[in-house]
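Chemist: Mind having a look at this structure? Questions to follow.
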Amino acid sequence: MTAPLTIAIDGPSGSGKSSVAKAVARRLGIGYLDTGAMYRALTWWCLERGVDLADTEAVAEAARTLPLEVGTDPDAPTVAVDGTDVGAAIRTSEVSTAVSAVATNLQVRPVLQQLQRDLMARIADETGGVVAEGRDITTVVAPDARVRLLVTASEEARLRRRSAELHGSADAAAVEATRDQVVRRDRDDSTVSTFTEAAEGVHLVDTSDLDLEASIEAVLDVVAGVTEAEE
Ligand SMILES: Nc1ncnc2c1ncn2[C@@H]1O[C@H](COP(=O)(O)OP(=O)(O)OP(=O)(O)O)[C@@H](O)[C@H]1O
Ligand SMILES: Nc1ccn([C@H]2C[C@H](O)[C@@H](COP(=O)(O)O)O2)c(=O)n1
């Protein structure tokens with residue numbers, strides 16, 4: 001019997017890994033796991049309940065008891081906490097600004113990492129594979145994934161994309177308004193995970209000069225190359 005097709009994708013903010021991971025999962029007919037959404041959901045839950053994000057033990061306890069449900073269909077991924085759909089709430093600038101404080105909490109990370117491993121196993125079992133994306137999937141959560149990729153792009157390209165997405169423009173003012181969510185967040189997050197350089201055995205895909213479709217094709221080519229080499 002063939003092993004499930006587990007694909008791990010890491011990369012910095014705005015590199016395109018979520019868009020690419022979703023499309024790749026869709027085309028391969030397997031499940032999709034957005035691990036950043038889990039850190040965001042925990043952040044939302046802490047803010048909602050008035051948990052001080054600087055209180056590392058209180059946030060870790062919230063992680064251990066988080067009533068989280070994730071839907072992993074790449075056509076309609078969902079995130080719910082305690083029965084509330086938080087798909088939109090976890091993308092607000094309030095959560096985006098605060099999430100690194102939660103993601104850099106070293107008591108939180110092992111809790112969510114174990115949850116992510118369990119989810120990957122369940123999704124792979126149910127759909128024959130999984131594409132999981134984040135910052136530490138290739139290195140910590142699933143270093144034994146069959147295909148591991150680092151999706152990168154230049155800082156300029158990432159700022160331009162995120163700025164267009166959030167502000168509908170990539171002019172100088174819009175790019176400046178986006179800088180915190182890309183550059184500062186990556187700087188904070190990179191204190192606990194390695195996602196700017198590919199670890200050994202991890203395939204690098206630089207999307208700086210690629211459009212979305214070409215980025216998806218580049219990742220599918222890597223997947224095909226790895227799986228054909230296994231045969
Ligand atoms: N290759 C590409 N070319 C142009 N735009 C892209 C490309 N890849 C993604 N985008 C666009 O850039 C924006 C950011 O992409 P996406 O959300 O997938 O990035 P990300 O790496 O998952 O970021 P984050 O980790 O912050 O969630 C989206 O609006 C997406 O449509
Ligand atoms: N495996 C992961 C996934 C995400 N994070 C952090 C990095 C971000 O600040 C935050 C939200 O991620 P995004 O939705 O922007 O991809 O979570 C992490 O540390 N490890």
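Cβ coordinates are placed from backbone N, Cα and C, and glycine is handled just like the others.
Dumping what TrEMBL says about this protein:
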BINDING   G11, P12, S13, G14, S15, G16, K17, S18, S19  ATP binding site
DOMAIN    7-223  domain 'Cytidylate kinase'
Chemist: Among the binding-site residues S13, S15, S19, point out the residue whose Cβ has the most other Cβ atoms within 10 Å, with all shown protein chains included in the count.
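Modeler: In terms of Cβ crowding, the pick is S15.
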Chemist: Take the mean position of the Cβ atoms of G11, P12, S13, G14, S15, G16, K17, S18, S19, the recorded ATP site. Which other residues of that chain put their Cβ within 8 Å of it?
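Modeler: Everything else in range on the chain: V20, V151, A153, R158.
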Chemist: Same chain only, sequence gap of 6 or more: which residues have a CB within under 8 Å of the CB of G11 (ATP binding site)?
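Modeler: In sequence order, K17, E133, R135, L150, V151, T152, A153, F195 meet the Cβ cut-off.
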